[in-house]
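Residues or ranges marked as compositional bias 'Low complexity' by Swiss-Prot: 7-16, 45-55. Positions annotated as compositional bias 'Basic and acidic residues' by Swiss-Prot: 31-44. Under the heading region 'Disordered', Swiss-Prot lists 1-63. Residues or ranges marked as region 'Regulatory' by Swiss-Prot on the basis of similarity to another entry: 2-50. According to Swiss-Prot, the region 'Interaction with ssDNA' annotation covers 76-100, on the basis of similarity to another entry.
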């Protein structure tokens, strides 16, 4: 629709006013992301207590298998998952799960455990 307005109005003042409106809209869009950040900072105290409970539960179910690599057992949407995943440190020093990894359901985990000896044999052959 804006294209039709540009075709109808041939005066330069109309296009100038459109560009001013665009600039103002861009400024508003840039300012908008800043507001949620400020709101999150004020509510961190209540969220911080909840996240500390989650992190203590997560720490109990995390088993280190390498540098920044862990096997963890967690509940996701009512389902138990076994994660084998790389982690990274954010700017606050909190560990966050990375993209590299896999989540197994208990059935897949049991199948993997049953095949451990075969996997070990294959590793020895190489």
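Note: Cβ is positioned from N, Cα and C throughout, glycine not excepted.
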DSSP-derived helix, strand and coil totals, residue by residue, for the region 'Interaction with ssDNA' (76-100): 0 helix, 18 strand, 7 coil
Reported mean pLDDT - the region 'Regulatory' (2-50): 47
